[in-house]
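Student: Annotated domain 'Major facilitator superfamily (MFS) profile' per TrEMBL: 15-489, in sequence order. The transmembrane segment annotation in TrEMBL covers 17-40, 52-72, 84-101, 113-133, 145-170, 190-209, 245-264, 284-305, 317-336, 401-423, 435-453, 465-485.
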Amino acid sequence: DVVETQEHYKSRWRSIWIMYLTMFLSSLGFSIVIMSVWPYLQKIDPTADASFLGWIIASYSIGQMVASPLFGVWSNYRPRREPLVVSTAISVAANCLYAYVHVPHSHNKYYMLAARALVGFGAGNVAVVRSYIAGATSLTERTSAMANTSAFQAIGFILGPVFQTCFTLIGEEGITWKLVRLQLNMYTAPVLFGALLGVINIILIFAIFREHRVDDTGRQYTSINSEGEESGVLDEDTEGNVDHVAVVALNFLFFVILFVFAVFETIATPLTMDMYSWTRKEAVFYNGIILSVVGIESLIVFMVVKILSKKTGERAILHGGLLIVLVGFFILLPWGQKLPNIQWQEIKNNSIPRTTSTEVLMSFWSSQATQLPSNHTVEPVGCPITQSWCLNTPMVYLAQYISSDILIGLGYPVCNVMSYTLYSKILGPKPQGVYMGWLTASGSGARILGPVFVSQVYTHLGPRWAFSLICGVVVVSLLILEIVYKRLIAFSVRYGRMQE
């Protein structure tokens, strides 16, 4: 029987909504400056090049990868309010540091690098957020709660560039407050806005957030994190060992899911410029529209998957999501006879460095990203001759690219939600902080390696090799899912305390 008072139920869900807000702010902290990092970096430190920009973009994921297990351990043994408040405070301080990176007389790029790494470190609290939600929901509630969590994370990623666009109205010069040496402009206003939201989040954590823990049936537990604030029942339901084979398998699957999506995001701009002879501005504009539509599609999928999972189960939906992703990348393989337009230039005068990684995507937002030689008045377009595969690899047609975007936008959110949900159910009533920390670290590592994969494999070998390897990785993940399929069951089901 479910034993829970109405007041406990309301308090529990108020706390879960505070976790949704925290997840939203974590993703917003990444995306709210992503379009302006490159021009701001060039403004404060002309010595910075595109390769250093790549490190600045990657530093967020590196910081999150390091912090997630640490905050996870902390949340297992202490009230979760502590790591939540500390991590959010680190993000607030890091955003303030970012607003002041123009002040030092030298090495400004390293201050920016430190600021972005610290923002990522603060975002390690997503492990705490997901472990709390997993422990504060019953099995019947969890899929919906995890879908909502991912939806709020996606909204943060989508709204970040929107806020950034609004702040461009302030202009590059903006307003200077000499007393505190603060420049309020289009580069610093977004991070200061993020810092303000972080302060509000801390206040809400103190005012509303409470520790709650329920078992898989919804019965109230006494939480080790609660400092005696909650009363409840502790029973033998925590006895039993976690299936670590299933845990490792889901960590691998989650890594693959995040890796292929990171590749998908990173490769969009260089692929469309090479295949369709788009200029930098066209590539950014059109891909911005496409990714916005994919983001909206993902939000719809997050909502639909909550209903669908009740009928088919999480494992079947995860299997279907991976198959859709596989088809999405398989469609991208070059099949036709037509070759892409070649950008005929002398190698020594090649005007657009083809770094084709995350820094390229960012650099296209600034007209200063690449400097054309004085003898060029028009931006060269097409597939550069420096990429030898351009001479013998058929082009990927626009219809292929659009179809792939639609399928990946459908498959990715399905896999994301189901992997988190299955992971939390497998762990059951055990403290999940450390486990969620490792899962978050797996995702962060995938976001670091995705752009590296694009910059190396796509640039040197071309889309045929790049997408074939991605398809191979997804096929391996499907085989692993088949092997462990029967083990991906809830902790309570595994030990016969509930029916599947």
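Any Cβ shown, glycine's included, is placed from N, Cα and C.
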Student: Is the transmembrane segment (52-72) in contact with the transmembrane segment (190-209), using three or more Cβ pairs under 8 angstroms as the rule and ignoring pairs under 6 apart in sequence?
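Tutor: Contact absent: fewer than 3 Cβ pairs fall under 8 Å.
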Student: Tell me if the transmembrane segment (52-72) touches the transmembrane segment (113-133). I count contact as 3 or more CB pairs below 8 A, with pairs 6 or more residues apart.
Tutor: yes
Student: Taking the transmembrane segment (401-423) as the reference, which of 52-72, 284-305, 465-485 gives the largest number of Cβ pairs under 8 angstroms?
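Tutor: Selected stretch: 284-305, with the most Cβ pairs under 8 Å.
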Student: Please give the sequence-distant neighbours of the transmembrane segment (145-170): residues at least 6 beyond its ends with Cβ less than 8 Å from one of its Cβ atoms.
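Tutor: For the transmembrane segment (145-170), the sequence-distant neighbours (Cβ-Cβ under 8 Å, at least 6 residues beyond its ends) are 16, 19-21, 23-28, 30-36, 126, 129-130, 133-134, 137, 184-186, 189-190, 193, 288, 292, 295-296, 298-299, 302-303, 305-306, 413, 416-417, 420-421, 424.
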